[in-house]
């Protein structure tokens, strides 16, 4: 098979590029402490009205068969990742090399959400 050759652009293809018609992205609005507190209150009220997290989880056909320890360990890991992601996006600083380290070289202590067993 012969090698491919580049085709030449036609006159119409050489025209000036048209400016983009895409809309500019709306600037990101940070969450206020009051908004975050309200969301946490709503989540807590929903969980409390349902009898707690464990009562919701143990009714699941697959998760309910797992050991309490296994579920709690996975829960703590998931919450740790969520909180770490939130902390990374809200407190990112230029020049802070080394993921998870404070400017003074100390390791971050990740807050941990506890899974409470209501049984």
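Using N, Cα and C of the backbone, Cβ positions are placed for all residues, glycine too.
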Among ranges 1-31, 32-62, whichever one TrEMBL labels region 'Disordered': 1-31
The domain 'Myb-like' (23-79) [mean pLDDT, rounded to integer]: 82
